[in-house]
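All remarks here apply to the structure that follows.
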Amino acid sequence: MFSSFKGVNMERFAEEADVVIVGAGPAGLSAAIRLKQLAAEHGKEIRVCLVEKASQIGAHTLSGACLEPRSLQELFPDWKERGAPLHTPVTEDKFGILTKKSRIPVPILPGLPMVNHGNYIVRLGHFVSWLGEQAEALGVELYPGYAAAEVLFHEDGSVKGIATNDVGIQKDGAPKPTFERGLELHAKVTVFAEGCHGHLAKQLYKKYNLRENCQAQSYGIGLKELWIIDEKKWKPGRVEHTVGWPLDRHTYGGSFLYHLNEGEPLVALGFVVGLDYQNPYLNPFREFQRWKHHPSVEPTLEGGKRIAYGARALNEGGLQSIPKLTFPGGLLIGCSPGLMNVPKIKGTHTAMKSGMLASEAIFSQLTNENLQSKTIGLDVQEYEENLKKSWVWKELYAVRNIRPSCHSILGVYGGMIYTGIFYWILRGKEPWTLKHPGPDFAQLKPAKDCTPIEYPKPDGKISFDLLSSVALSGTNHEHDQPAHLTLKDDSVPVNKNLAIFDGPEQRFCPAGVYEYVPLETGEGSRLQINAQNCVHCKTCDIKDPSQNINWVVPEGGGGPAYNGM
């Protein structure tokens, strides 16, 4: 500790709960709700505390999103009466392959994962905010604006709970007059629901060796915008997906465009790029901006107005990449371990169900009077057993080979052929399981072996520059605090990332956090980190070829302020 902390009260206040949940997304909130439902049914008192780093529930949520209502139906059979914000049933489903100038329609055969009949187009942030209201009404204690910064352990090695970060620290690490120590939350079971590539989960994988029997997680980055368009072009309930241009066949990715029925002619559109891409010159943000100019996309947006922008990493590893989910004192649910159905591009229904199954297993342990626990923190292994017996596992097993089948010489098209043959005919019953090539950060080729990509200049009407986009995300961090994007070694960016890979972090970050600027002395450059721009997408922590960037939580409440993304 700095000597400047002399005379500062360093004691942390601790709260005791039965269950602590980290992250108020669909998984964490469904877990909290299910616990309180069970407690009420059985007349038990269970204290459930949920911490969320966003200043409001749902403000860091970003998704497409097409919601499959299966888990919601199980959690709240009366969701319609409760006013769940599912306003747009899918009425039309389109899929196409783009070439530079045209679009080849692909029929969506019944039974393929892409079928959206019976699903709803939602603004997931609004759905999450509604789940938060339901949780609160059931007695869950929600703490938005509190970022879980460290995992606490008992002496027997089991998880004891979490602590939120200290606030009121200057950039140089000295305390401000407003300095406050973080809060400790202790629990019998701590549920980690941090979403894709959670920073506490990363530590838990190491401590409990949870990834020894699974493949490396593979990821994508999803960029998204909301537009108000000309009413004549608005087709509420229409869902469109494409693959192909502007990406080459060896770069996994594609687009979505959803017409929402929210009382105004609103569309949600976005672009996903697999983070196992190889060319360090690739810039996902600029691929997205370029895609909007395709002759089959641009007419929808012409005369419209962009009202929101954001980005978030998503899991693409599927079944092969799911770690061990339980450990003494805690468990992992939702997108944190990676339960997304990749070809369906849906993870909300599986995340919610994992939270519900976790809570059922936790509840049975908390209320079991004859329970003999080896550790102080309870090890709820039944959760993983029950998840493997549930429809979630069946669904993820059936599609397990679709994403890795894109690694053949045919690239994405090989994946489509594979899906047509093995999924449509065999429904995932083929007796083999394909592997991913390894972690995404190891896939980049040296810049000297790749062709630079020339991106067109944005026109300010359909396509935009990065900084005006980040401004629309509402991102804000207290400026005078230690950077939450930490480097293990300050010399690596220039000596390795810039020298070998031409500084890919200046391109893969969708918020302009990383910039190589000339040194004041004139010779060479240095990496500048604009941490206040960060939209908490986690791409840098995933894709940095040196694995030198470690994303940690900034002060609670910092980050994007999405409204129904």
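Placement of Cβ uses the backbone N, Cα and C atoms for every residue, glycine included.
Taken residue by residue, the domain 'FAD/NAD(P)-binding' (18-67) breaks down under DSSP into 16 helix, 11 strand, 23 coil. The domain 'FAD/NAD(P)-binding' feature in TrEMBL is assigned to 18-67.
Here TrEMBL flags 219-314 as domain 'ETF-QO/FixC ubiquinone-binding'. With helix defined as DSSP H, G or I and strand as E or B, the domain 'ETF-QO/FixC ubiquinone-binding' (219-314) counts 15 helix, 46 strand, 35 coil.
Residues annotated as domain 'ETF-QO/FixX C-terminal' in TrEMBL: 460-563.
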Worksheet item: If you average the pLDDT over the domain 'ETF-QO/FixC ubiquinone-binding' (219-314), what number do you get?
Response: 97
